[in-house]
């Protein structure tokens, strides 16, 4: 409350000193301590001082959004004079001098720290235009300098990035190393330290002519598209589109964010947030050195985190995450520690040496024998490769989906503990004195070689034949993908992969087989629920989401009035199948049921609060919760329903009650019976009888209480999914709920204490 009051007071103070100027006259000045602004005619943009993130006592001068339709804390800065230049004194100022220069002066130093270098261009005035472009004018007409020509980390609509120009991410410990370049070749490239390119626009390289070079420029359109444009022919050579392309959106921008990713944002007036509608690198862990000299992974909540897998092998006094091996300091020899599903790469320097056509054991041995090698990563996706690192400064990516194996060299000195150390037994040969062993070996070897050669020929023939058949099968499927990398199927292809919907594994869910025998779950959804454009847009957005309890979307079909979603395969079908089937219900032990409740809660919490924008499920029920091989929960159909968070919370409460009781009723009327049994002290009677009394009474009480809060008729009393997760984890206590089927405000059973807070501290 106090912080909100301060914010409103500071906002009122800030706005009180705004003034709109059609022209900025020579000699005009902005002073840090005066909190004044230069504002565009339409009021959408303002130029003034602000505190850079993490620097409360420093000030930069820049242009930000200023529209009254955007809350103050959402008014993003889109241009900064001198990029990361700051001043430190309240009397520091920004001035359009009488010589026609923009100058930023730090009064504590008594010198200019940035200027526009325009004193020779006869500048007569300046203007902050309605599109956010600050311009210096000669004779009040000709533009001799503009902020659009010196971008920092952001492009506004119709602002062009010409060849050889770049955007650089705002500074922090790592992000100032990231930059976006438009090369003379006509490609956009994301780079780390200007030398490592980890993403490019993918268009064809422009062929240079001897007499004339093609002029290529990047531009963000007001409709939500990013173009690479041939400025001579005035046509695009490459383009990407935001998911809300051509929608009515007043404000957009393109930014190279601090995490090294390039994103397009749109202002969503309904939700009051900047919505990311496109990003260059879909998997954030694939941004080079996004974790510095640590390893990037997705945690249990589904978002990225940085960790150091080498901590067990280094001194506790060493705060850096460096590979433990040091050539001069290893006295007792060294060993190789194996890390599965881990991909490593050197960053200082970033010069991994690559050896092809090699086995994993040979790869490990090469590093063990090379005194300069610190670690290796072995991959074999049809082309075996060994990547050798010659530095202790290493970054990486860890994920269960990776087939990569990394070996890290560690010292055998006492401080380096190697829990994976396993010594191979030496091969022994027993000699026989009664038989001519060399003669026998020679004869046997010849026969064995001939036999193995014949068998190998058969194996190679069968492999090649199988490969050809698989290729023919793969050719039946479309190669089309959308910008998110999802596969787009036709109805014929869906029918082919499901064998004409022959194997049902859940409500409108069918087992399918993709090329290379990859199993998938194909879900048919009602075409009337979402119109085609919105369906495709939602599918593209869902394709960027990563959480262990969300079924990964592999592709979709949207044609002939039908809609299909193709998910990763879940071996054990849906929760609903297990509830209604007496035999399969035996798999649903109490532990599996409570873990499923928690997993679904975490998935919904991720959708509501941890994605780049709010995402609802909209249709949560037992039929769209699948169970994987280890009976882990996988949520499907998320992201296609449009509803508020409290609707998902209510559906979650009903789903939990169905899972606990083993009674599934689409209308959720089972809730009233369960509440009546609980309030009358007979909670044990509601548990699924097929569990035969094998359940935890304390857990049951906690689960029932939070479920009743979730299904409250007064949606204002429903908890957030984040609170639900804490209750189910046992880290947050929960009060007894009021009757969920009448308005809580009119219920005489609710105390004033309960109406103020759902949870005990």
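Note that Cβ sites are derived from N, Cα and C of the backbone, with glycine treated the same way.
Per TrEMBL, these features apply:
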COMPBIAS  746-761  compositional bias 'Low complexity'
DOMAIN    22-149  domain 'Bulb-type lectin'
DOMAIN    152-277  domain 'Bulb-type lectin'
DOMAIN    330-411  domain 'Apple'
DOMAIN    463-761  domain 'Protein kinase'
REGION    738-761  region 'Disordered'
SIGNAL    1-22  signal peptide
TRANSMEM  440-463  transmembrane segment
Per DSSP, what is the helix/strand/coil residue tally across the domain 'Bulb-type lectin' (22-149)?
9 helix, 56 strand, 63 coil
Within the domain 'Apple' (330-411), count helix residues (DSSP H, G, I), strand residues (E, B) and coil residues, in that order.
10 helix, 41 strand, 31 coil
Roughly where does the domain 'Protein kinase' (463-761) sit in mean pLDDT, to the nearest integer?
81
